[in-house]
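As given in Swiss-Prot:
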type	residues	note
REGION	1-79	region 'Domain I, interacts with DnaA modulators'
REGION	79-112	region 'Domain II'
REGION	113-329	region 'Domain III, AAA+ region'
BINDING	157, 159, 160, 161	ATP binding site
REGION	330-450	region 'Domain IV, binds dsDNA'
């Protein structure tokens, strides 16, 4: 594959996937997921990574993540790449700074650059995302008007972040002076903690309120965190009342996020919410054709059809297979049906299977030395209730199963019972280190079995 075919986003997703499979969930969420790959220097084989703060930077140094990055990079690209990690911050309240430079505050907020590859031009519209795309385009052209807030929800790997950042890129194209801020929910919470420690909460609030467009990824991470929910509620109200735009992504609808304050649920739903579903075959084929045009290589329709037929999970895996295919071209091997089939066979061996509810129930039951019948039955004694709630929590965090369906899997319990159980575990792991470690170990064990 020629260097011009290199897809940084797919490359980084492949590395993140290997980190996720080989470390604890909490460590991954704290130290790997918040990092963004923004630039590749193919001549020197380096990749520029953005970290949201110094704490993440220190974790990379202490955790030997650089060496792991290089190992996983070779797995993904069959070549050596070295990461260059930088902390990206922006001085608070950019509007005031441009005018008079009045603020001498030490407060800085996370400010990621928008991914320039995430545009409407590189987005493929299909039945699975048509409504969400229509709303996103409308918001990019007239922010703060009809759809405010706009919530885009759906399972991981379907393109929520791409569509959300496309809104930001389009608005900057139409209004170059517009202030657009993209953050993850974890970034927001980290910034708030830093502001409190530095006694700069007023600057924190000003920084987040003085925007034309606020893009917030993974809003479900607010679950069970009342203190952060209150602050986000206040900022949310200020932005929407000023007729500025908020766009959010989530795995599920707000009403299905356990531990989310009713006021926030109401506010989040005052605009519109559209889901992105798994792409159908025509959309998957169109995505592959779009990618081949993007990297400038010709792949016959039969080969693309084979890939589109066999990978029906999500866009991320589809692009991963395509990227592997183009890597073969870099090695001088032909891109054809035969080689595509070999790639798919390899992916079928290495790709994780779907985690099922029975898998989780059995793993938890074995770990706590209780029977499956007791775990899903009516017993309410403490030695049964805790593992039952742990199982519910793991199902909620490791799968896309809705609360009602989880309730059905536990003897037909009501969804509010499931919500209470998952909220209780989320609260407990904030203070009970032993339980937190046990759940992380269970999560790792479940993923390894799947």
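Any Cβ shown, glycine's included, is placed from N, Cα and C.
For the region 'Domain I, interacts with DnaA modulators' (1-79), the predicted model reports an average pLDDT of 80. Taking each Cβ in turn and tallying the other Cβ atoms within 10 Å, the top scorer among the binding-site residues 157, 159 is 159.
If you take the C-beta of residue 160 (ATP binding site) and look for same-chain residues 6 or more apart in sequence within under 8 angstroms, you find 152, 153, 154, 217, 249, 276. Counting residue by residue with DSSP, the region 'Domain I, interacts with DnaA modulators' (1-79) contains 47 helix, 12 strand, 20 coil. Each residue in the region 'Domain IV, binds dsDNA' (330-450) gets a DSSP state, and the totals come to 87 helix, 0 strand, 34 coil. Sequence-distant contacts of residue 161 (ATP binding site), defined by Cβ-Cβ distance under 8 angstroms and a gap of at least six in the same chain, are 118, 217, 249. Excluding 157, 159, 160, 161 themselves, the residues of that chain whose CB lies within 8 A of the CB mean position for the ATP site are, in sequence, 154, 156, 158, 162, 163, 249, 276, 315, 316.
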